[in-house]
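See structure below.
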Amino acid sequence: MTDHDRDHDHDHTHTSPDAWKHTGVRVVPGDSLDHNTAQTPGMDRAAAINLARVGAQKLWAGTVTIHANAKTGAHHHGHLESVIYVLKGKARMRWGDELEFVAEAGPGDFIFVPPYVPHQEINASADEALECVLMRSDGEAVAINLPDVVPVEKPENVKWIDPTHPE
C-alpha cells in the first residue's frame with residue numbers, strides 16, 4: 001500500500017450498515033431516464049447519470065436518438081470531452097473549422113470529441129434512427145452553436161490510427 005493509498009484508505013468499520021444503501025452504487029433503469037434535458041430538433045436526449053439524479057460530480061451520461069436523415073448544426077461543447085457509443089444505426093461526424101473532416105461509425109464503435117472542436121452529428125441513414133450512449137466529462141450541459149460555420153462541400157474522409165499500435 002502506497003502513502004497515497006493509506007491517506008485515502010477509509011476505515012468503514014464505523015459506518016452504519018445502511019450508510020451506502022442510497023449513496024453508493026446506483027443502477028438507473030433504462031425506462032427511468034430523464035427526457036427533461038436540452039433538446040435539438042430531430043434528436044431525443046435522455047439523462048441517466050448527472051448531479052441531480054445520482055450526485056455525479058464529474059460526468060454526465062445518457063442516451064441520444066437521432067431521427068433518420070437528421071443532423072445538428074455546427075457546435076462545440078466548450079471545455080468538455082465527449083464520448084459517443086453507437087448502439088444502432090450509422091453515425092457520420094464532421095469536424096473542423098469548416099467541417100472539412102468526416103468519419104462514420106456504426107454499432108459497437110466509439111467516437112471521441114475533444115474540447116472546443118467544432119463538429120456536427122449526422123444520422124447517415126435516410127430510414128433508420130441512430131441510437132447512441134453519450135458521456136460528457138462534466139455534469140453541466142455546454143453546447144455552443146456556431147451559426148457562422150459554412151461547411152465545405154466535400155469533406156476529407158479521416159481514418160483513425162491507433163497511436164499505441166500504429167501498424
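For all residues, glycine too, the Cβ spot is worked out from N, Cα and C.
Pulled from TrEMBL, these are the features on record:
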- 1-21: compositional bias 'Basic and acidic residues' (COMPBIAS)
- 1-40: region 'Disordered' (REGION)
- 63-130: domain 'Cupin type-2' (DOMAIN)
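Counted with DSSP, the domain 'Cupin type-2' (63-130) comes out as 0 helix, 34 strand, 34 coil. The predicted model assigns the domain 'Cupin type-2' (63-130) a mean pLDDT of 96.
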